[in-house]
């Protein structure tokens with residue numbers, strides 16, 4: 001099949017115009033008239049991930065985080081971004097990214113499922129599309145009231161993580177939770193306004209953690225990677241069902257850091 005057949009399907013389900021203005025999504029490099037048979041999914045397009053995709057024989061790569069964010073003045077082998085772009089072009093690989101458009105149209109509900117919420121509503125509304133409210137994050141009820149310690153353990157096990165950072169009294173009771181994948185500290189005010197007891201996100205710094213607990217909200221920092229790598233399995237399932245003729249594979253690269 002042609003690459004544009006897949007990208008057209010993606011644009012209908014996760015339209016690029018649903019992304020934030022600062023974002024860079026959609027077809028970033030490559031010829032969408034190319035024939036494709038193997039799609040490789042990754043959270044980030046690192047040089048290691050690109051090498052893995054090439055070794056696997058992929059002719060199209062889809063990532064959550066765009067490799068290209070800001071303007072590029074030079075494309076050569078002297079920068080890591082330049083090397084990746086050159087390799088993609090030389091190998092004839094089509095590269096597509098779906099970031100904040102997927103965050104609001106897929107990742108938010110997906111993360112609510114992983115963090116065991118129900119009766120969810122949008123945490124931070126961005127727009128109303130076809131009569132449906134869309135936006136970042138979700139807030140909802142937990143299966144039962146439980147201690148913060150129990151819920152943190154539940155989140156850790158559900159996301160299959162080795163560890164999570166918890167801010168707050170581990171013995172305090174929680175029954176309403178919020179989640180925003182990636183770096184979600186900018187929405188802490190929205191979470192407090194929504195009345196949640198605990199907030200699951202990533203990239204929480206020292207002072208933000210202290211200040212948030214002082215306002216009565218517990219935090220579970222499951223990491224940027226830890227809250228977003230679920231993109232790969234979810235998209236693999238979707239693409240396999242929609243395009244059974246394609247081979248769909250996921251990057252084996254795990255968390256970008258190691259805790260000793």
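In case you wondered, yes, glycine gets a Cβ from its N, Cα and C as well.
Packing around residue 64 (divalent metal cation 2 binding site) is summarised by its Cβ count: 26 other Cβ atoms lie within 10 angstroms of its Cβ, all protein chains included. Annotation note: residue 64 (divalent metal cation 2 binding site) sits in a coil segment as assigned by DSSP. Sequence annotations record features per position, and here TrEMBL assigns divalent metal cation 2 binding site to 64.
The number of other CB atoms found within 10 A of the CB of residue 228 (divalent metal cation 1 binding site), across every protein chain shown, is 23. Annotated divalent metal cation 1 binding site per TrEMBL: 65, 103, 224, 228, in sequence order.
Neighbour count (other Cβ atoms within 10 Å of the Cβ, all protein chains): 28 for residue 103 (divalent metal cation 1 binding site).
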